[in-house]
Each structure stands twice: as C-alpha cells, then as structure tokens.
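Report on the following structure.
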Amino acid sequence: MKRFYPITIAMAWAASSMLAVGCAKSLELNVDSQAIDRSEHFAPHSYANMLQKATPSVVSVHTARIVKVARGGSTPQDEFLRRFFGVPTPRYEQQSEPQEQLQPQGIGSGVIVSEDGYIITNNHVVSDQRGDTADEILVQLSDGTELEAEIIGNDPLTDVAIIKVEAKDLPAITIADSDNIAVGDVVFAIGNPMEVGLTVTQGIVSATNRSIGIYGDRGYESFIQTDASINPGNSGGALIDSQGRLVGINSAIISRSGGNIGIGFAIPSNLAISISQQLADSGEVRRGFLGVSIADVTPDIAEAFGMENTKGVLINDVEEDSAADAGGLERGDIVTAVDGKTVESANQFRIRIGHTAPETTIELQLLRDGEPMTLELEVGSASGRLAMGANELLDGVEVSTVDEEASQSYRIPSNVEGLVISSVSAESPYARSLIEGTVIIEINDRKVETVSDAREAIKSGVNKLFVYSRGRTGYLALRVE
C-alpha cells in the first residue's frame, strides 16, 4: 500500500503567470561543463577552500506584501480588555480608514548567476499560494549588504524565478552541466534554513530525473534527489558539486514533520538556466510541442516490441497536422534518443521537448517495427496548448487507452472500448463530475479511442458523453469552459 507524506517547500506554492518587469537582457554566465573527476582516490580532508569561493554566490531573499490594515488597529491587549472587561474600542479606531502596510511574506534563498546582478531563486519564494508576486524583495548578500530586487520573470511550471539587483562585480557562481552528475557524487546544499544564516550541508546525489508530482500534471519535473540537509528557507539556494559548481537549485523536501529527513530535491542547473535565460531575454517561456501521446516502455511493452531494455518512450498517438505528424512520427514508434541523448522515460522526453525552443530542428533516434531509424523534425509551439499534459484531456483530467493493464485495474469488460480516466486532480474543475476508472466511449456521438480523438470531439459548452462506469453504461452531460 502506498503511503503519502507531505512535501514541504520554504514558502507558499504559486500558480502565477510569467511576469516581466524592467529591461531584460541575456545572462552572462560562468559555465564549466566538464564532468568531475571520479577516479578512485582519497577524499579531501576539507572542502573549506572550495566553499569559501562558492558560498558568497548564495544570498538570502526576504519578501513582503502590501496589505490593508486599520489605522491604529487595536493590540491583543486592547482586544482582551474589550472582550472580558467591556472596555470600549477607542472612537478613532472605530472610524479609521484602512491603510496600506508592508507585511513580511517569507524568507528563502537565491543564487547569483551573473556579475551584474541576476539571481535565480524559486517561484514559490517570490509568489504566494494565489500566484501573486511579492510587492517588495530584499536581497541580503553574504557580507550583510542589503539590496532591493525586482522580478524579471517567473515560471510556475518549473518553480524557477529570476530576480535582479542593481550592482556590479558580484560573486557569480560557476555553473556545471547537470547532465553529467551521477548517483553517488558528493554535493553541498547552501542557503538560509530557518533564518539561521548562510549554512552549508553535505550529502550525495541519491537519484536523478526524479518526478514527484508537486507541480501537478502540467508541471515539468526532473529533480536531483539528495540527502544533503535541506530545510524551509533553503528554497532557491544552491546545490553545488565538489568543485563548487552549481548543479541544482534547492526546491523541496519530503517530510512528515516539515524538517529534513534526508529526502531533498533540487531543480537541475541546466533546466534552471534554460528557463532563466528565456525569462531574462523576453520575460516569458516558449515551450516546444510535438503533438503526441506518449507512455513509458514497460517490460511487457519492451518484450512485445522486441526491445532489449525499457529505455525509450512509446508513441501512443500522433495528432493530425501536428509537428510530429509533419515530421513523420507514427503511432507505435519508440523514441530512444533526442539529438543523440538517450531517453529513459516519458517524463524525460516531455521535458526535453518542452524546453526546446519552437522552430528548432531536432533529430530523433527511434525504433519502427523493430528497425532503427532517424527522423529530423521541427518542434512546434505549445502556445495555447502549454497547459496540457501529454495525456491530459481536460484541466486536471488524464486519460489513457483501454489496454490489458487498465482493463484489469478497473475491471473493464473486454467489449468496452474507449479512453479510461486514469487520474482526476482534486483541484480540477471536473473533480465532481468525472471519476477515475470511468471509460469514455463517445463524446458528442463520436467514438473516441485516442487522446487526439477526444480533444477534437470535445467543445466549449455542454458535451454529451457516453460512458461506462461501475458496471453500467449511460450518458453524462459535461460542461466545459
């Protein structure tokens, strides 16, 4: 039986749109893409020299919001006297008009990535649960200097934000190629946990390409997992390798208590830099889109397709007139690599395509009918489809084909064909109307067997769905906004 534990981040979650403030420009970064030396030798007795160079690149980020409060509002003591001794509220308080006041929102961390003041942090550090960004941001450097910062852009789907301070010759961190890290590499988490001040903890890379679902079905997750101690306040701080180079941005932990238990997650530096560069250039993120429905290659699928391993992604469906269709991808293809880099899962493939700029030509290595081949195609633009996951039919509603595994899991008779609802998010506007395990057979009198069939059949307004649910078939009216 699965057990679920709370996922803790330094501050409230956010779901805001990208935001552009002030002048944007390309980032001037210090990059070192060489892999670390993993030859067998004794570990150093101290990392002090390396850390003395790296830690000044990490800052504390203090945020505040403007709230309206009653002028001369009563104190807790005034409230106590009023409730228990009948002392009236002063007249000037009863008639006072609310006034605006700065209220602290939270504290996180950030990483200086350019000498002229660009700092990467988490979106949830500079935004609240409603997605509203902070009204004031104060950055404290390692030497105690305090500087006001402005938000250049933020991306809720990756939890990356970039802010800027007006300064020169700042200690910008050196950035590593996070694709080169491996399980077992020594790493250090640097940040301001629990407001105690700049702190360094040590651990190793516990896993890579980890997806834990904290950004929802629309998010892009490919975390570095580490046992380096990460606590509230570390969010937005640096995860560095043994050479002092940035490999990740600390983002979340899994914990029963809210404190660290050795399961922390960082956004890979390659992903964080890619998003930050786009935000600095234009204030928004343009994501690539192919128009395919995809799935992981399970051992059974690998055997059925004559594969020696499960590395790759199965193309379940190709949308008509999509970038994938124009490029020659077909249903049943198994993509094994993108531009020479191996694809190990559907999530990894989705992230790589999503973070490829539209109109970029890519090379796909794939298997078709058991034979290896290569395709070149131009990546399309997600644009309005940005919010949709690969198997997402509606906001927060994912579907999949009725295969043998689904039939067994949901006890679907062999004569029922269509799309089974595989998950419904609790936050979905359709959570009360649709339940997991329901099979959608027809939408508006049109049979649906693929995600693209369903997307083409569904429309804004009231839709007529013919479904199989709990042993019966029947019609369901569903309003889609």
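Using the three backbone atoms N, Cα and C, a Cβ is placed for every residue, glycine included.
Those TrEMBL annotations? Automatic predictions, nothing curated.
Per TrEMBL, the candidate among ASP155, ASP159, ASP169 that belongs to the substrate site alongside HIS124, GLY233, ASN234, SER235 is ASP159.
Spanning the listed substrate site, residues HIS124, ASP159, GLY233, ASN234, SER235 have a farthest Cα to Cα distance of 15 Å.
SER235 (substrate binding site) and HIS124 (active site, charge relay system) have their C-alpha atoms 8 Å apart, to the nearest angstrom.
The binding-site residues shown are ASP159, GLY233, ASN234; of these, the one with its CA atom nearest the CA of HIS124 (active site, charge relay system) is ASP159. Mean pLDDT for the domain 'PDZ' (274-370) in this predicted model: 90. When secondary structure is read from DSSP and collapsed to three states, ASP159 (substrate binding site) falls in the coil class.
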